[in-house]
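Note sheet for the following structure.
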Amino acid sequence: MSETAMAVVQLETEDHQPENGFVSPETESPGLLTRIDDCVLPFLGGFGKYQRQLIVLTWIPALFIGFSQYSDEFLLAQPNNTCVPPTANTTNFTIIPSSLFHGPNNSFPRTAAYVYYNGTHNNTARHLQHCMCKEWTFELHTGLMQNVVTKWSLVCDSAWKVHIAKFSLLVGSIFGYLVFGVLADWFGRHPVLIISVLFMLVFGLTVAFSVNVPMFSTLRFFEGFCLAGIALSLYILRIELCLPAWRFSMTMVASFVVLGGQLLMPGMAYVCRDWQVLQAVIICPLLLMLAYIWIFPESLRWLLATQQYGRSKWIMGHIIKKNQVNPELDTDHILTELQNALHKKPKKTCIVKMVGTRNLWKNIVVLCVNSLTGYGIHHCFARSMMDHHETHESTMFHNFYADYYTMAGIAVASCMALCPAVGLMGRRGGLLMFMIITALASLLQLGLLNLLGKYSVHLNIGTVQPSVCLLFILVGTHSDTLNKNFSIAFSIIGMFSSHAVSNLSIFFCAEITPTVIRGGGLGLVLASAGFGMLTAPIMELHNQKGYFLHHIIFACCTLICIICILLLPETRYQPLPETLADGECYTRQPLMPPKKPGEQRLLLAQSESSRDYTRVHDTPLHEAAVDSLSRSAITSDHTTHNIIQSCTNISVETRCVIAHERTVKT
């Protein structure tokens, strides 16, 4: 063989750097053990009796998670407070209750003070608040007789400590999602669950014995940290137990259980009457989860994906026994392949490897932005609705329970609408629809209502058409009434759709992320959701300054999310990806089905090997190579055919350029 042919052969066997700076995920020949949804789980009984029992065990703690997540609404609720004046010179003091300066919204601090007033002062002195009280009287509307605010009198100059306490649980949850997500991929889902439960019991019960606000806030941080580990590990275990057709329905049931905890919290607060008793009642049921050490196994999907075949063999045998499966029906010889793979070493992956992928990191980033936007703008809509609560006493939102159950009812309605929407349109279609509704509600609330308030005063009812006049009579000719009604309507619609966006983004990420890094990927999206929820106490800490700009920023984010959602793939009825290579194969498809049967469905190529280079001999590059060969006096037809055939089989066209240069040198 000539030197030219040897150069081409050497070019094919050399190691080449990855294109565009990306690190290609390691690929192996697909075996039956990596096809868990298609081969392994159906052989083990599919979604059998044992799997259903484990799913129920993941639902029960969801109720306790709901208690903890919504406990701030009661432990840190702001009471109506009144200053008790000094006993001396009481005739010079006027007692001013907090309701004079603040509405009945329990979400924001109410302060009260006594104002020194006599005939020498003007009437503006009545509107000045001097937090100089040493004794207060409080009135809670949450069912509790005492909470953290009333115990340590966190009003006036100490009101900022309430917001720090609210930060603690959320910030702890954010760090918990990030840390436990990585640990779940490295050590397994089961150890993370058990460790989180143990420390949750320690820190949660210690919170009830806090002696001051700093101790309470610090312990709440660690409580949120451990709560994130429990929620994350249970979510992953639930997803990885189910077959494709059952994943979404089982996840939505767990969401309804969490909302059930939210609905039951007012009753528990009324029964407990004291915040310390309520905290203990919320945490103590987690003692039952200590039994999960023995009754809940490690995720079989994660063990197979990380090549821990020794532990996988034992768990598969246990499932076969529980589901009463006949091993002799193993027509695919799964157990034989498992036995032959026992010598392989475990192979674990960190979430950092996601950076080297082409498509996977983009999908996760898009879903992080969606989750952040959904939870962030949800607070904007809630705040807008509460603004009308404070300024319009005739509205339906007149006390704590009305506010609380309105928010909970909107969340329940959102989950109920999410089920048929995702069933009809899929994950991507449902997410796109709810994001569009969120964007429209936000833009209409920001733009249309301002126009109505600006131009309604210039409208002359007598000069307009009768139909327009009738419309104004129906909705109320007063611009404030019209603005209030539309704003409440758009707020409810926005809260409804943004809640659906947040839940679906989290579930979508759990399906797109491969098993080997599912903990880290899901932790990123849940942490992004935590950042979105963190905007609420931040705005309260700044006394709602910049609220309008805050809403505008998130409204712009919804428009960006609408475009980015189109880049996501559809995962309905698809098997979960197990490795990074499987995650890269999840590519976007058109929203509408192809019109022709033979039309290509995928808009992006699934792999490099699927490219067609059969027409490479028609390119100018090939003609230049042939001319160079003829000028080099290589007359052997057989050698020329080998060179051309080698160039044809090269997957990257730039290799032929190198071969041509080497040919010229020879």
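In case you wondered, yes, glycine gets a Cβ from its N, Cα and C as well.
These features come from TrEMBL:
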DOMAIN    107-572  domain 'Major facilitator superfamily (MFS) profile'
TRANSMEM  167-187  transmembrane segment
TRANSMEM  193-214  transmembrane segment
TRANSMEM  221-239  transmembrane segment
TRANSMEM  245-265  transmembrane segment
TRANSMEM  277-295  transmembrane segment
TRANSMEM  404-424  transmembrane segment
TRANSMEM  431-451  transmembrane segment
TRANSMEM  488-510  transmembrane segment
TRANSMEM  516-536  transmembrane segment
TRANSMEM  548-568  transmembrane segment
The transmembrane segment (431-451) and the transmembrane segment (548-568) contact flag, 3+ Cβ pairs under 8 angstroms: yes
The transmembrane segment (221-239) and the transmembrane segment (167-187) contact flag, 3+ Cβ pairs under 8 angstroms: yes
Within-chain partners of the transmembrane segment (277-295) [C-beta distance under 8 Å, separation at least 6 from its ends]: 57, 60-61, 64, 67-68, 71, 74-75, 144, 190, 193-194, 197-198, 200-201, 204-205, 207-208, 230, 268-269
Candidate ranges 167-187, 404-424, 488-510, 548-568 - greatest C-beta contact count to the transmembrane segment (245-265) (under 8 angstroms): 404-424
Mean per-residue pLDDT computed across the domain 'Major facilitator superfamily (MFS) profile' (107-572): 83
Maximum Cβ pairs under 8 Å to the transmembrane segment (516-536) - stretch from the list 167-187, 193-214, 404-424, 488-510: 167-187
